[in-house]
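Features reported for this protein in TrEMBL:
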SIGNAL    1-24  signal peptide
DOMAIN    52-196  domain 'FAS1'
REGION    201-237  region 'Disordered'
COMPBIAS  223-233  compositional bias 'Acidic residues'
Ligand SMILES: *[C@@H]1O[C@H](CO)[C@@H](O)[C@H](O)[C@H]1NC(C)=O
Ligand SMILES: *[C@@H]1O[C@H](CO)[C@@H](O)[C@H](O)[C@H]1NC(C)=O
Ligand SMILES: *[C@@H]1O[C@H](CO)[C@@H](O)[C@H](O)[C@H]1NC(C)=O
Ligand SMILES: *[C@@H]1O[C@H](CO)[C@@H](O)[C@H](O)[C@H]1NC(C)=O
Ligand SMILES: *[C@@H]1O[C@H](CO)[C@@H](O)[C@H](O)[C@H]1NC(C)=O
């Protein structure tokens, strides 16, 4: 084994050195670059080199996606896409929310996001694979989005399709594809009329309450400070938590109420 390793190492070194030598000796042979033989009106007659598809341009042409475009630029996702479309063979699928989709978000939603969350929100609308509308029929859920996958309940995105209806759900947002903006076998852009809200950013569930009873006194003080109202507020909270099936918080609230009534 050891001998073999040595042999292998020797072989590698040898190959490496010979390559370097060859390269060092090579320059004489290098300038084989075609000397622009026929610059005859070529640019005018031949079509422009294809290059990566310009998603921004496609969306601009379609109209009604100006917010999505603005966010794609601000988050640099537009540039990422250019690079990806140039390099990937898998293609890209984009669920593009219309301007009215963005304006029907609760006001202040976008402004409340950090820069990182804005990137995630935009990337959540992008699938790193080309999906034709026929493929929606057989797709396996949840999809992996550019923002990440469904691990730890982060970015799940499901697409279900029957007939010509394609439904999309993030767990928080239900919508369906309302039109095909663009498709060329490598890039597909579908219009949606709701912004897909990922659980990772918009999950309304409160964080798990700390069970430590020692802290409950301090917590109680915080509660009082937070709400200038009286005990009736606490009662309504308790009701709300019960409705939300949040047993942990309900239990905690019950303890607080018990403490108050002592
Ligand atoms: C893509 O298109 C937009 C709008 O037409 C243009 O502003 C931008 O420069 C283009 N990007 C590239 C890389 O060609
Ligand atoms: C596209 O990819 C090719 C080959 O990887 C590279 O030479 C070229 O610069 C890329 N173009 C853009 C616009 O990224
Ligand atoms: C899509 O959503 C609509 C409206 O919520 C529903 O009626 C329909 O059954 C759904 N279709 C699929 C394939 O999930
Ligand atoms: C998405 O699909 C997976 C697999 O079918 C399922 O386990 C999950 O509950 C679905 N999530 C939503 C939000 O529909
Ligand atoms: C989305 O659709 C699912 C299944 O039809 C439903 O259970 C859920 O309540 C809907 N969610 C929203 C936010 O509309």
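A Cβ is built for glycine as well, from the same backbone N, Cα and C atoms used for every other residue.
No curator has checked TrEMBL annotations; they are predicted automatically.
Assigned with DSSP, the residues of the domain 'FAS1' (52-196) fall into helix, strand and coil as follows: 50 helix, 36 strand, 59 coil. Per-residue pLDDT, averaged across the domain 'FAS1' (52-196), gives 93.
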